[in-house]
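One structure is given here, and the rest of the page talks about it.
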Amino acid sequence: TRETPASKMGGRLRLWSVLLTAVLALLSLLPHSLLGNPAEEEVAERSLLLRRAKRGWVWNQFFVLEEYTGLEPLYIGKLHSDMDKGDGSIKYILTGEGAGTTFTIDDSTGDIHAIQRLDREMKAQYILRAQARNRLTDRPLEPESEFIVKIQDINDNEPRFLDGPYWATVPEMSQIGTSVIQVSATDADDPTYGNSARVVYSILEGQPYFSVDAKTGMLRVSLADMDRETRENYTVVIQAKDMGGQLGGLAGTTTVNVMLTDINDNPPMFDQRLYQMSIPETAPVGSVVGRIWAKDRDIGINAEMKYSIIDGDGRDTFDISTDPTNLFGIITVKKPLDFETKLSYTLKVEGANTHVDPHVHHRGPFKDVTIVHVSVEDVDEPPLFDSPAYLLELSEDAEIGTVVKTVSARDPDSANNTVRYSIERTSDLDKYFYIDITSGALMTVRTLDREEMSWHNITVLAMEMNNPSQIASASVAVKITDVNDNPPSLTQYLEAYVCENAKAGQLIQMVTALDVDEPQGGHRFSYSLAPEVADNPNFTLRDNQDNTAWILTRRGGWSQQKQTVFLLPIVISDSEHTSTSTLTISVCTCDREGKVLSCSAEAYSLPASLSTGALITILASIFVLLVLIQLMLTLCTHRKKKPCLYDVEENVHENIVRYDDEGGGEEDTEAFDFALMWNLQEAHHPLGKMRQDMLPEIESLSRYVPQACVHGGGDSTVHRYVLAKILEADMDLCTPPYDSLHIYAYEGEGSVAESLSSLQSGTSNTDHEYDYLNDWGPRFGKLAEMYGVLEANSPPPGD
């Protein structure tokens, strides 16, 4: 029969028991001199122990295979003592790790069994203690002994990749044998027992690109010149097999994801050999013209580009830079463009990699060249002034119609359209200036006054005739220079005083003058008393020759009872003008130091002989005067009120024809004579013939245009006149269109009716008489009937 491991273990234990008994017997024969001289109790106890240690069951360890799957408990071994006679008087006790739960012992026979499945990977050994006791007395027959139960390994665990799956990178174009990553598999079996934990690596998937070292698990490149641009990602399946890879071994697998990293092994290349671009001529400096791209199959920094213009007639006009991604070239305007000067430009552009790998330098050159053709598009540009700003000086006494400056603007386009000029009205609200629409002559139309406005900042507009939306502007600063046209005057209306105790020759006031003019050499004023008071006995004036003067007393003995106020006219003159100002001097009561105590003359305002009756009479006279004034105002309120004028300006609807002059009957043929427009110098009536109660709404400025500015024949003159009137009306947003409003600004001549206007009728308190309407003939019969003044003998109209 086949000998079991338990029977072998029993034989070994019996052999060890015999050897132990022999050793104890030899120790008992040794003399006491060698053993020492212990006390009697110790000798008796040792003798007892020596006698009890004489047994036949001594062991060190048991061995048992793991993973037992039988139905019956697994027999491990047998404990037996020589003192056991087989009569059941000895009881075997098992304690320690797993006693009672994992291991059990038959207390009569000493047989040890495992009652649970053992796993070496969970626990490789158990430490137990055994003892033989008397069943009846429970006295130990043998000392407690310790033994070990070792679990023997079997190949029940496959290799495992605890760190998988793996991710690895390797540069493209790597040489054969380049290390990629090292994988490692762990086998839970006992590495010291057999080949259960000896692992061998192999590749199941990933050939011929990669290989793995069978012992170390190092993954390496096995195919040269792998190109990332062709294939970037690879999946490698690695197997680990125990038992040294022999048949019957267990295996585990893992996945390694390998990605090829990029190197600069591809040169850039433009997708076009010729780029066509265009840009308007009005594009400002810095405007983007277009974008070019030298494509590179590489990625990241290996695809970054630097662009430059290496040749072409546009090198100074255009610039190129790289966009934030460092991939595209952005062409921008470097200098202003002009279609009329140059229509197109050619650029030779180079794109080169910024990072070049020296290992693959032989694959270069890593740059490419293309041609860029830029066309400049024509744009209808606004007119261009010969200067963006003008600084002028003009004397304030310049006559109306004086040409200040003739500005000039031209159309910069090739069409060279005609330019028309105007003034931006918000810059000249008071309309001091006018500009000729065709010549650009800027002239005055109102009297200038430097003291009222010393600077005029005007904006002149230039507009293309064929395209009114194209408007340019230029600023004109007109400095008004000074003319000595204002007389000097006292600095302020001064009031001086003289003390009653003042002596002759005493200074009572120093006067100064003010002149709003600003002569270049400074002011020089002279002072004197007016001729009518030059010899007055009260005061005298001393000119200090420094633009100041002193007022001095000529006498003493001043008294408020005699006279409280003196008026002293003073003449102030500069080199050209003279004025007179009056100084009011009051007589005041002063203390010894000259401080004013009182200047009131109330105590002396009434004579001592004036009685109360006289005061009552004066007050009664004032009351009667007030009553009369109130009566006159009451009578005025019953007068015929002035008819309300209908404000035509508030209700302008579509076409309005307004007549500001009276018809002259059949003789009036000059209300609107178009022939006068052919002669600008005769287009206006004398000022004496104009209505004084109403000014024309649109004042013609053509009379101020110098004859030198008028060119061409009659057609040109009429055309310029109409254009000027149209432009003037268009610039005023408060008036209707010029072609819808006809205004007659002058009275007709020769009209028998003279003026029928009621504008001045409100100034008279008398009723109008309309009897004269009967003398004007049948045409005024209807008016005469309306006002009820038909003659008694005249038949009614229509009879």
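A Cβ is built for glycine as well, from the same backbone N, Cα and C atoms used for every other residue.
Each residue in the domain 'Cadherin' (81-161) has a pLDDT score, and their mean in this model is 84. Among the features that TrEMBL reports, domain 'Cadherin' is placed at 81-161 (among others).
The feature domain 'Cadherin' is assigned by TrEMBL to 162-270 (among others).
Annotation source TrEMBL lists domain 'Cadherin' at 271-385 (among others). Across the domain 'Cadherin' (271-385), the DSSP tally of helix, strand and coil residues reads 10 helix, 56 strand, 49 coil.
Positions annotated as domain 'Cadherin' by TrEMBL: 386-490 (among others).
Taken from TrEMBL, the feature domain 'Cadherin' covers 490-597 (among others).
The annotation signal peptide is assigned in TrEMBL to 1-36.
Taken from TrEMBL, the feature transmembrane segment covers 613-633.
For the domain 'Cadherin' (490-597), the DSSP counts in helix, strand and coil order read 3 helix, 53 strand, 52 coil. Broken down with DSSP, the domain 'Cadherin' (81-161) shows 0 helix, 35 strand, 46 coil.
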